[in-house]
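Chemist: My questions will all concern the structure given below.
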Amino acid sequence: MEWKSTTVLVVSRNGKTVMAGDGQVTYGNTVMKHGARKIRKIGDGQVLAGFAGSVADAMALFDRFESKLKEWGGNLTKAAVELAKDWRTDRVLRRLEALLLVADRDNVLIISGTGEVVQPDDNVAAIGSGAPYAIAAARALIRNTDLDAREIVEKSMQIASEICIYTNGNITIEEI
């Protein structure tokens, strides 16, 4: 059976960066956990990080990413590129199955094990099974309302949880 889970969304707007993750972990056709924590602050509280995929793999990548952040003096983009290079070329790391979503006040990045570091044009990004729904909702709210980043994230995650069966409404939110 396959573990399925997660929607993690980040929105950066008007000087605020807000990330949210749902709490559901699904194994096959069974919900195993409702309150998983898939996001956290790292880098002395200046960086938000979330994951989709294997929890053990994500924790290993969080630790490595935090080391890269320290090594590169908090430069999010450089740390992300260096992690992606290691992840792609290291034989052990290459086997890790996770996606990372990281953000600071200025940058939003998705990091994958294939060496990709993607910076969205509009500072809105999501990973996981509910990502398309969360991104669509966030972009619609950004384009048509004056809501702040936190309100956009809350409403978008609620919408994603109503559509994606692998996403629940038990949302954890972090803000910088």
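Note: Cβ is positioned from N, Cα and C throughout, glycine not excepted.
Annotation comment: Swiss-Prot describes THR6 as active site. Residues or ranges marked as Na(+) binding site in Swiss-Prot: SER161, CYS164, THR167.
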Chemist: Which one of these recorded positions, THR6, SER161, THR167, has the sparsest Cβ neighbourhood, judged by other Cβ atoms within 10 angstroms?
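Modeler: Lowest Cβ count within 10 Å among the recorded positions (THR6, SER161, THR167) is SER161.
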Chemist: Can you tell me the CA-to-CA distance separating CYS164 (Na(+) binding site) and THR6 (active site), as a whole number of Å?
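Modeler: It is 9 Å, counting Cα to Cα.
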Chemist: Quick one: pull the CA-CA distance for THR167 (Na(+) binding site) versus the residue listed as 'active site', whole Å only.
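Modeler: For THR167 (Na(+) binding site) versus the residue listed as 'active site', the Cα atoms are 6 Å apart.
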Chemist: Within 10 angstroms of the C-beta of CYS164 (Na(+) binding site), what count of other C-beta atoms is obtained when all protein chains are considered?
Modeler: 21
Chemist: Hey, how far is THR6 (active site) from SER161 (Na(+) binding site), Cα to Cα, in Å?
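Modeler: So the Cα of SER161 (Na(+) binding site) lies 10 Å away from that of THR6 (active site).
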